[in-house]
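A short write-up of the structure that comes next.
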Amino acid sequence: MIYSPTEQFEIKPLLTVNNMLTLSVNNYVMYVALVVTLMYSSVFLLNRTYLGFNRWGVALLAVYDTILNMVKSQMGARGGMYFPFMFTLFTFMLVANLVSMMPYSFAMSAQLVAIVSFSLSLWFGCVLMGLSKHGWGFFALFVPGGTPLALVPVLVLIETLSYSSRAISLGLRLSANVLSGHLLMLILGTLMFNLMGSSMLGFMGGFMPVMGVIAIVVTEFAIGMMQAYVFTILLSSYIKDSVYLH
């Protein structure tokens with residue numbers, strides 16, 4: 001990773017089975033399993049009797065309450081049935097972004113194809129939900145109320161393009177932010193490392209940007225948490241559109 005800024009984003013096969021089909025276990029699958037394991041381990045290791053009486057319990061309750069209030073504010077009282085899914089999704093994204101901050105780790109959220117495919121499946125699920133609840137009335141979402149008849153074709157086209165772009169923008173926003181932040185950290189860290197190894201003067205000068213790199217790392221932690229929340233709140237907004245048609 002010292003010589004290639006993009007090496008940390010490469011998917012590498014760890015175990016390959018060649019038969020009629022090529023099956024492989026790669027580092028992406030390994031990190032997905034790691035994130036899921038960390039998610040469920042944190043729940044099982046937390047003693048419910050002491051929930052709220054230690055820092056870990058207070059933090060978990062704060063996250064739980066934040067996502068619950070977000071879902072209720074987006075979808076009202078009927079949104080409670082979607083809360084378990086939204087909380088699980090937020091926790092998965094949050095843990096994945098935090099794990100990717102480990103040195104020499106693998107940035108799952110920076111895999112554009114995987115994240116966009118995931119967001120596409122979520123968007124398609126919202127469309128199916130709207131069709132199952134409202135039938136053909138779901139397409140009333142693309143015609144705002146009070147629209148003059150002459151403008152209906154144009155607005156339907158615009159609304160269709162806007163609604164369809166959600167499938168890509170949902171994952172693209174997350175992936176682009178994580179990718180850019182990790183690249184910036186790696187490039188500045190590599191520059192500082194090479195500068196300190198060049199000469200004694202370079203070694204002394206290499207300490208100057210340390211505070212800047214630390215600030216970027218702290219900012220990237222905040223961005224990882226914020227992007228997990230943004231991903232969740234946008235998806236809850238899309239679900240609200242499918243349920244209430246507005």
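Along the chain as shown, the residues are counted starting at 1.
Cβ from N, Cα, C; glycine included.
Look at Swiss-Prot and you will find 25-45, 51-71, 79-99, 112-132, 138-158, 178-198, 203-223 tagged as transmembrane segment.
When Cβ distances are compared across the two stretches, the transmembrane segment (79-99) makes no contact with the transmembrane segment (138-158), since fewer than 3 pairs at least 6 residues apart fall below 8 angstroms. Same-chain residues lying 6 or more positions outside the transmembrane segment (138-158) and placing a CB less than 8 Å from one of its CB atoms are 127, 130-131, 241-242, 245-246.
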